[in-house]
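Working notes for the structure below.
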Amino acid sequence: MDSEGSGDSPAEIQKSRSKTPRKPKEPKGAQLLKQKSPAEFFADNKNIAGFDNPGKSLYTTVRELVENSLDSAESISELPIVEITIEEIGRSKFNSMIGLADHERVDEELYDDFETVKAREKRLAKEARLQEIQAKNASVGKKVKLPTITKPLKSREASYFRVTCKDNGRGMPHDDIPNMFGRVLSGTKYDLKQTRGKFGLGAKMALIWSKMSTGLPIEISSSMKSQNYTSFCRLDIDIHRNVPHIHVHEKRENKERWHGAEIQIVIEGNWTSYRSKILHYMRQMAVITPYAQFLFKFLSETPDKNVTVRFARRTDIMPPIPVETKYHPSAVDLLLIKRLIAETSKQNLLQFLQHEFVNVGKAYAERLIGEMGSEFSPKMPVKSLTAQQIVRMHQLFRQAKFDDPSGNCLSPAGEYNLRLGIIKELHPDMVATYSGSAQVFEGHPFIVEAGVSVGGKDVKQGLNIFRFANRIPLLFEQGADVVTRTAIKRINWNNYKINQTQDKIGVFVSIVSTKIPFKGTGKEYIGDDISEIASAVKTAIQQCCAQLKSKIVKRIQAREQQERKRSLNKYIPNATSAIYDMLKDMSQSRASKKKRYEAKDAELLNQVSARLVTKETLKEKLAQHVEQVDYEMALEYATQTGVNEEPREDVYIQPLEAVDKFTDFVSPIFVFRFIH
């Protein structure tokens, strides 16, 4: 009975199963919506941040670490001391670091550098033929360009380097270190002020590259002033979640009372192809920051390939620290206005306009509010503005007149430091510098400084262009840059007595701004399409050239004067002989024919007869006359040109010790130091 009451037939069971609800099927062709974290985005598009290839990645890592160190030291008004070391790591050492045993090749034919016996014989036979032809041509003195010899394939085995950067800067708070290195798009450089960074990535992108190429974590040691401990952190980054993955984070004893940061990271790189770029970058950084001391080391597995370069500090005068500024009304968009409204602590619209924007006083803010319409009032709560009212405000900002922002928030290198850096690194024959006044583009202030040098050490003939943006060197994509195009196409160098192709010309242009208008994904050059910047660059270079022209003209005239003097001195012996022979003949004919001469002439002839006047006497008198004429001509030239003394060489005093007390009186081109 029980089995009859509770039992279900197979047909009924199948029917009940068919009634179970099922998940709706995805339509054909539908794709799942996915998201990427900021770290994942930059990992996939690493070329945006300058990590195009292993060589460029090594260069960019060095650059980011050096610039972070300079920012850190300057933020506490400390003269920067930066030590950067690149240590080559061989395959065996790298394998031991990651716990991987060395492995010898088993199947050689698997590798891309494998060369068959037939291919090797063919290559060697071709090399022998070419060497034989070269020997025959050399024996008959014939120069023939031979085809290049095909080299055997090289293995694409990766090269690894440990990059270490140590500074004497501010250091980092202990609890902030993981996020400062392990969370992309978090940092201290997102305020509106002049900064060296391009993306605000800093060492984060180097950590991402390390994660992609070696898998090894970054190590950070840091200590702030007056701290009795050093923070040590070893971490990597969870790229998919954009969060730090902390291995070690601890406090260690700081016996030396050191402050600053030391960062160590292991990455794949290529020193051979980017050696010159890295050294060139360090040299240009020494030009624009002569108040910093740099020590660069490259440590190879082969000791004879080691490189050590020290860039000594030449001055202790630092530029002012860049300060945060407010937005100019003409430079804001709708999103920015909404963000400022959300973040402001001001209650009403009048206060908001006065305190959140630059160059908007109370009277002008009231006029703006009156122009916005009847629905606006000075006392209305700023956070009550509707989307339509914000659009109306934005439209008025774009159409109204505002005073240009000042350049007080900017920190240019200064003529003094720029001139000092050029002289220190290039040793030119002559140099001129110029610092323009603050100008504006799209509501952002900018200042252009320039230097032009002629001659120097390790300078090629022609134009040698050095570009700087917010006091960092720009080494790539030079051809499209506004500085390059201006120097080549818009400056008539012949007008300034400078030979564009024969002379060794150094052109240095530094642009600082709260917003550098970089072009391209790599942000390596400033476009030529902003007329305000192009005009300012041209004016700055022309001002330098005008200064050099006066120096070159003086030098040419001095050279001509020396040539004239040399020519006159060359003819003194012949002229002396001719004059003396003539006087001797006159004295003899006077005695025989009893000719009469004036008293002075008769006295001279008597002195010749008595041998009181000789050839040597005449030679000495002629030389004195040449000197007198030369002096009178130089004096006349000096009177006409306003030069009242001899040109003097620049003298630079070495920095004083910290114990000395002094007061600096700073000018754009010199610093007067009063010692107490």
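Cβ from N, Cα, C; glycine included.
Taking the Cβ of Ala203 (ATP binding site) as reference, residues of its chain lying under 8 Å away and at least six apart in sequence are, in sequence order, Thr61, Glu64, Leu65, Asn68, Phe181, Ile218, Ile263, Ile265. The feature ATP binding site is assigned by TrEMBL to Asn68, Asp167, Thr188, Lys189, Gly197, Lys198, Phe199, Gly200, Leu201, Gly202, Ala203, Lys204, Lys523.
If you look up TrEMBL, you'll see 405-564 marked as domain 'DNA topoisomerase VI subunit B transducer'.
Annotation source TrEMBL lists region 'Disordered' at 1-37.
Candidate binding-site residues: Asn68, Leu201, Lys523. Fewest other C-beta atoms within 10 angstroms, Lys523. Taken together, the residues of the domain 'DNA topoisomerase VI subunit B transducer' (405-564) have an average pLDDT of 89.
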